[in-house]
Amino acid sequence: MEENAVVSQPKGKTQIVPAAGKSRDEMRIFLFEFFGMALFAYGIICSQGSDEFLALFFFASVCLAAPFSGAHVNPAVTLAMLLSRRINFAQAVIYWLAQFSGALCGACCCYLILNEVDSPEVKSTDYSWILSDVSGEAFGTFTFILFILIQTDPETTLTPGGQPMTTYVLVALALYFSREFTFHSGGCLNPGMAVSLQLFQSFQTGDRQRMDFLWVYVGGPLGGGFGASVFFELFYKKQIKRL
């Protein structure tokens, strides 16, 4: 990226992030998060529930966006990066706007081309079922984002000196396996995708009741992202440094 700023982090850590207030960097973040999220949304619908194809579309989205935005492609990932002080709040807002609008664009394209849009949905209003869905979304997102934080931190990465493509592959595999914790809820793990796809489908079909339990797919992943960030910063990194 052009005009990057080197930001000093606690205990001697140095991280390169886009300079705050640089309009060209911010536009790049927005555009590539937007296109990455749109591609992923289109892929989710086209995968028709296939875990393998969904992971491949996610991998393609990461390859597209990572060199320019870091490829969060998930508001919960952005929240974790914000809490870990890898981005500032203004940048986080740009990511979130790009992610929600990109997912909507992907849904629109899929509807125009394939005449089909699907979104995650709670299958039962039973208390125990909903609790299981929320817990699964939270735990799946926790494991997924914890791996991202570990792999993208120079002090904890599993592949020091490795090529970026290695990280892209590992992150896609992390999503694939993390979704196995959440088969009960469908394994969304992405608040931006859930909100955008459910909004589109509810207005397209006129079924507003689909939105009644949207909080499951928002609160679960955001809680998981929050927990992953706290665990990584307050426990995992400290244990690594003691080795």
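Each residue, glycine too, has its Cβ placed from N, Cα and C.
Values in this document were obtained by computation on a predicted structure and should not be read as measured data.
The transmembrane segment annotation in TrEMBL covers 27-46, 53-73, 93-114, 126-150, 214-236.
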Which one, 53-73, 93-114, 126-150, 214-236, has the most C-beta pairs under 8 Å toward the transmembrane segment (27-46)?
93-114
For the transmembrane segment (53-73), the distant same-chain contacts (Cβ-Cβ under 8 Å, at least six residues beyond its ends) come to 1, 28-29, 31-33, 35-37, 39-40, 42-44, 46-47, 81, 95, 98-99, 164-165, 168-169, 171-173, 175-176, 179, 190
